[in-house]
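Pulled from Swiss-Prot:
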type	residues	note
BINDING	410, 411, 412, 413, 414, 415, 416, 417	ATP 1 binding site
BINDING	625, 626, 627, 628, 629, 630, 631, 632	ATP 2 binding site
DOMAIN	314-580	domain 'ABC transporter 1'
DOMAIN	590-913	domain 'ABC transporter 2'
ZN_FING	719-742	zinc finger
ZN_FING	1602-1628	zinc finger
């Protein structure tokens, strides 16, 4: 077994080709100075590799739900398991984020409310009742017998069609205003007012019960779920929707969406979900005489910007008003909608999509400008910053801050509203859930998941938080722990958790709670990797890996890797030196004196207990306390706003200041910019100076470049391909790859020609702050700004790194650096919130030095902090506590550190060791033995399908074979239970929307509990679908990787001349102009975008400074006027004379033009002539032929780059009628064409018919063979029927065309690749993609071993090629379509795909992996399976034949019989299965023969003759051509069938795939048993009395099926992000038919019960129905009598489906001679079924039929009359073909 995780050759970011090793199930602590490479190793390498490998094995719809990580640059990875990461993402919180939404508590609550909530009418608060049909019947049943009942259905007014339909159905009366009126009076007008149709009047008694049911269901159908019942002067109204009888108001059923304030449909109509109502106090705030266009509302978005102009114009268009209308002239309704929105108002808007790079149509929900502001206020910790002057806000009076609709707010669950739960603390919520009575299983599962999530949050020290608390108001530590809680609830084993400084924000007292949670994860059997600086956490670690020795370029090496004790004793790293106190942060010898005091009173925000605190000025004050004690509430939410108010207004009622203070700098963790374009160099205002420096270089002036060209944020200098980002997102897995155009440099080539001190502008951005500080020594201003970064411990930070990728601590230090750069003379108060986040102790020392320098300058600093190194150097300490939440909010200490350690507060206890002399070393407990990992997967009370409530254990890290007869429960156990439970458990690690996608098709398994699970990968044969568009290479993503490799390092060549292609760029165009048109003039234009509105685009371009437009071969001013018609309008970029000195201007203009459009048109005036030339960026050969740019990632999957002939499919579809003459015997050529293409004209067929002399009314059966062939293939003058049908098919959807009429051939133009021909000419080492796809694994391996570039990608491809070799598919052509593979090859390809992840600690579930495999192929596949176990995985296989029994480590045998008599766990060792032993007793006399020839790339056979009326077996290794030979026999057989039907009258081809079944297919319909039984039931007296027709005895007709479950007998209960639950339909009781049908009974069974009866029972009960006895008897003979008559085909096991298929076609054979072709049909059968099959095959032969079967089982070869042994994969011929040498004939 793999006992180590090893990653070698890591070169990610600054990591220097390092190798890292650690053991599974360890807590590994990554430490080192800030910027040393810890996160690069943990997240960008280990996490990225583990996650990507596992996601690749999941369904693609799930893998694409997550933003894929790029492949890390690692040479080799061993022992990695699936990974889950928890990173610091404080700045990524959505504006609406609350504790409830972030931790998914709201999702749990919404689900429970929807499943169990009681709805109430919001106005009357009366409970709403949703009546099911059976509940209505039970209500009516309570009415005394003998009562007259009248059933009525609501009827709309003025609806003539409804009146006519009612008359047609036989209804005669309508109730209008309490008066009964004949309905025929309203035949032409409809009823004048809403009324009620009288459906039936009857006396309630037993004999009328069936009639009552019929009438009730009819009434509900007519009334769309509503009906009225009149009796004894009473009126009752029923509805299948939630309805209040008093008001008749109807409400939708409860759903999770109803309890979300973001739901467009269900949010509060007044505040539009914000929960806040903003009122306008100053009537003059809106300027009445101005219009919206003139910005009459100062708090609305500026209408002069393109964004808001577009939105407001769309709103105006939707509501029918003008933006230029003064506000006072707008109607009150329009004014209200503009300010407060309108319920359900959605407006179409065309906005720019940064992902697509163009404007796209979208829809915006219009909430109103004030409600948009309200959303920001509700979730902000500083509401005042968003509140416009002249307005005030209150809680929304309608929804009371919930943002929910009235209906949602009125709903109760266990007596409480949704808002009640939002206001509870997490501890109170947990207690409430614990007190609930036990629920049914489906509800209990949700509640247990809910409690598990709450338990983790409480264990992490957050019991005091409430779900409604906004994330923006939490401290940094609280945010980190809410994020952490989402990931720690799954009970999986073998997962690698990677945590990013989980101790952030935790007080030392709380850290032990976190440590317990992490220790529990490890003890559960997982690996935990921590990126940490907290000295306490070292006592938790099993291993320490120190990365360093320095930061940035000075780090990236493994300094130490070993136990914590060895680390302290032996390591010389900075971390170890600080831990041993060889280096330390000194306590100041003397504390700074106070310069004044800030006194804050009545602080009561959140949990603060009306505090009064005094904070000294001129000192460093640290605010500390346990988590949740109120630190952020005191400083960020109370003190900061008060100080701001005091400074602005000179007064604050709750604040007084004694001393000088004139400025406040609040440095929080908020991201200063979310754009990828915000970088440290721009933030500290140094980039402008750097750009100016480059603009002053001589080369810059030569090229005509300005300062603007050195910005990657403008099109003048930014790379046009990536827009200045340096990277682009490819369509293969959305990986972000280096831009192939600028190679990550961000800028255009001409910009990079300019150098300063031999460095380009791109080189500057790649420098770290340390490198740049030394580089700019000669530029004092730039040097000073960058040196400030180094002073604050950011020396490792690359100057061009996007700000969004920084941690919270890095952001604060960057902000502090910016503040330090501004010379401040006035006394300033600096407020910092945990600035040590992400800092090593060595960097904390530098930070303290900076803070103390501010103090020495006379400023004041307040720091919220838990780091004891900072606390010990503080001048003054405020400690809040004593606990978190409601038990916190008190001031428990306010003194110096020396005074604090004599108190008994949590901080005092933590601080004492740091003030002791000498300081104590960290406590390292003795290593304790880790609890053993569960040795087994335990399953309790498994009762899926026929499993008999079994309990069992399956060993982990072993190969377990589950054996037993077919349908004994093997598939139910392995796939329906283990796979489902594993999927559900792994999904717990993800947010609800991703979880929902993964488990939406995973039904809740019928089992009490499954423990000991790891992430699961399952491969079922029944789900092994094939896609003809996919090749062998694409199955393992080899094709995508090759595409990426060719994109990155391939060299394009011209497909015409073979010359190297040159790039079309501004430089090449300018060069061409100077070469051929010197001294001429050129006008550079770009076409107007077709999707843009003309006027808005011209206005936009005018604002950008453009002046002219070119159209109709002349120029116009861009501001008009224009003629009525403009032909091909184009924007004029520049007009310039073509001279060498104007080259810079030409380059700049062409660059700008290409940034505006993909094509540029040049209008050239030269030597008295005018010409126009159009250029597109791309590639060009020497002859001027243009090709798309091969370097662009779009080439991977973009419509414009596809082969124009086959449109990217790689094949051409043609219609072939020729082989189907017999099938269409009753058609004429015209009738066939019109039936296939009813919307197309058949007239082109007539000339062909005239030429061939075929009457247009001639049937195909009347046309001779030669004429039919000419009709299909055509003549020299006219297209044939094949070509005409192909042409018609291409004009419509190919998907709607019968697939068996379509013939697919590889596209000649693209050689089957589906892309432009020139792409084939892109080569690596002279080898093209097409050559690779036409070769095998060995060819590609040889090429890749010679490639030195992209080592990580090359290694990935090689590993997958190696896997193809290991599963025995090394011989397969990489471009071969999957559908052309044999069954064995295809299944092994699926295995290879699953095994390609290379992961450990995974459970692999395989379905009969050796079934049907040739003995020579079995060892290689068995070796791969064994290798999986060796690599520390668990493999569980189903094994029908027992072929794996001798190789398995553990055996489970289920049985003893199939179906109801199976499902028992018989033993944990396989029972020996008997092998079929039969004797062939046929005579050896000769029979007619069929001769075939085959010539393909894989097999060459000439004139193979095999006997008819005999059993022939084809055997051989996978890939030897068995299926190809069988297909050839089929084609030859079809040809013979056309010419001479006497040889055999039919051909039946059966493969190993089960019959395709819908949700309605069952045994009774498949074998045509149901019609006879329906006729019988319809003939019964009861049926006639109730007027029930034959068709009503069917669950598949509208009249007969239960209308609530549509005849399925069950309903799916959607539990949102939990697995779907399948429940019997309550209306029909699971019997599928409507209640009326259940009134007709025969032998104690109604028709629904009959469908649930076994075939044995049906055969015995209806022995007199001779027509159904044969199929029933045959099914029973084949041991399928236990199946129920209405058994759904989709619910059968694979072996049962195959047995059904065989029964239909082989055991109920045709009467005339038939050719049976069977392709590995026996591989899904157990040995007993195989014996029965052999008996039947011999019976068929004795009846004169011919059987040819592909089968490697020895018993079939031994019984065959004729044996064909195929050669090895590379032989291309037959080893043996002749009479069976082992068979002695009688």
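We number each residue from 1, going along the chain as drawn.
In case you wondered, yes, glycine gets a Cβ from its N, Cα and C as well.
Per-residue confidence over the zinc finger (719-742) averages 63 (mean pLDDT, predicted model). Most Cβ neighbours within 10 Å among the binding-site residues 629, 632: this distinction goes to 629. Cβ-based crowding with a 10 Å cutoff singles out 412 as the top-ranked of the binding-site residues 412, 416. Taking the Cα of residue 413 (ATP 1 binding site) as the reference point, the closest of the binding-site residues 626, 628, 630 is 628.
Sequence-distant neighbours of residue 630 (ATP 2 binding site) (same chain, 6+ residues apart, CB-CB distance under 8 A): 606, 607, 608, 880, 888, 889. The DSSP secondary structure for residue 625 (ATP 2 binding site) is strand. Of all the binding-site residues listed here (411, 417, 627), the one with the fewest other CB atoms within 10 A of its own CB is 417. The Cβ of 410 has fewer other Cβ atoms within 10 Å than any other of the binding-site residues 410, 626. Residues 113, 117, 118, 418, 420 surround the recorded ATP 1 site, their Cβ atoms falling within 8 Å of the Cβ centroid of 410, 411, 412, 413, 414, 415, 416, 417, which are themselves excluded. Cα separation, residue 410 (ATP 1 binding site) to residue 626 (ATP 2 binding site), rounded: 38 Å. Residue 628 (ATP 2 binding site): 32 other CB atoms within 10 A of its CB, across all protein chains. Considering only the binding-site residues 411, 412, 414, 415, no residue lies within 10 A of residue 627 (ATP 2 binding site) on a C-alpha to C-alpha basis. If you compare Cα positions, residue 414 (ATP 1 binding site) sits closest to 628 out of the binding-site residues 626, 628, 629, 632. Each of the binding-site residues 414, 631 was assessed for Cβ neighbours inside 10 Å, and the highest tally belongs to 631.
Fewest other C-beta atoms within 10 Å: among the binding-site residues 415, 625, that description fits 415. Residue 413 (ATP 1 binding site) has a Cβ environment of 19 other Cβ atoms inside 10 Å. Residue pair residue 411 (ATP 1 binding site) / residue 629 (ATP 2 binding site) shows a Cα separation of 34 Å.
For the pair formed by residue 415 (ATP 1 binding site) and residue 628 (ATP 2 binding site), distance between Cα atoms is given as 30 Å, rounded to the nearest Å. In this structure the alpha carbons, written CA, of residue 412 (ATP 1 binding site) and residue 628 (ATP 2 binding site) are 30 Å apart. The binding-site residues recorded for this entry are 625, 628, 631, and the Cα of 628 lies nearest to that of residue 416 (ATP 1 binding site). Here residue 417 (ATP 1 binding site) is positioned 31 angstrom away from residue 631 (ATP 2 binding site), judged by their C-alpha atoms.
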